[in-house]
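**Q** Dumping the structure here so I can ask a few things about it.
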Amino acid sequence: MKTQEIEKKVRQQDAQVLAQGYSPAIRAMEIAAIVSFVSLEVALVYRLWGTPYAGTWLLLSAVLLGYLAADFVSGFVHWMGDTWGSTEMPVLGKALIRPFREHHVDEKAITRHDFVETNGNNCLISLPVAIIALCLPMSGPGWVFCASFLGAMIFWVMATNQFHKWSHMDSPPALVGFLQRVHLILPPDHHRIHHTKPYNKYYCITVGWMNKPLTMVHFFPTAERLITWATGLLPRQDDIGAEAARALVVAAGGSEAPVVQAAKELLTQATVQEKPASTRP
């Protein structure tokens, strides 16, 4: 099925209804998440500052690898939010999935969000990792690197939606525009690829460096086919409507990658149990 035919089948939710889903309770939760996140990151920096193992190269490598990891994490979370779940789910639907649905029907809405609404969700999902990083022992270079890497990764994860917001602004600040042009943060033209119906590619939105490698290995399409095969769930049904979602699955069905076939065989073998031998004489 041609892409144009699939685009005609797309049916999205109402932008105003989605925007109204941002409740005072969700905002209070996001404020608490931001305060908690900043407190944990400051505590982690304090611990790292006092260790003799935190060398310059160790910290720089942790920051760079953390940036790449954050880009991948942003893509994975973005893919999960775009592809699975529903706005009607308890708690998660309004707090986490709703913003993904709103963004596809009103992509400029994010430019009207303040700091809390823009960054609160990412602070919230980063809290468990921040606690783990803070609890790691600082008894050697390896542990210090792990703590630094995790701390850097979640810092960039926290900044992801801010970079994402800037990529949708018509006139971002001058320094931001420069960083976008040299592709040190997410550039608007690069992100535009994702905002082409049916919104099924280029999910990484911290900087976008991981988009091409993940596209080359068919990472997200492979994951979708395996999940659909194993569970029967239809990817993007809540985002673009059941008809368009089914059309996408049918269009992709004829080009199944060998790795998907192999994974299906392994899963089948793992789930099929042999019948116990009869003990009757």
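Heads up, the Cβ atoms here are built off N, Cα and C, so glycines get one too.
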**Q** From Swiss-Prot's topology annotation, check whether THR51 and ALA25 share a side of the membrane.
**A** no
**Q** What does DSSP say about HIS103 (site 'Essential for plasmanylethanolamine desaturase activity'): helix, strand or coil?
**A** helix
**Q** Could you state the CA-to-CA distance between HIS113 (site 'Essential for plasmanylethanolamine desaturase activity') and HIS104 (site 'Essential for plasmanylethanolamine desaturase activity') to the nearest Å?
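**A** About 15 Å separate the Cα atoms of these two residues.
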**Q** Would you mind giving the whole-number mean pLDDT across the topological domain 'Cytoplasmic' (76-123)?
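**A** Looking only at the topological domain 'Cytoplasmic' (76-123), pLDDT averages out to 86.
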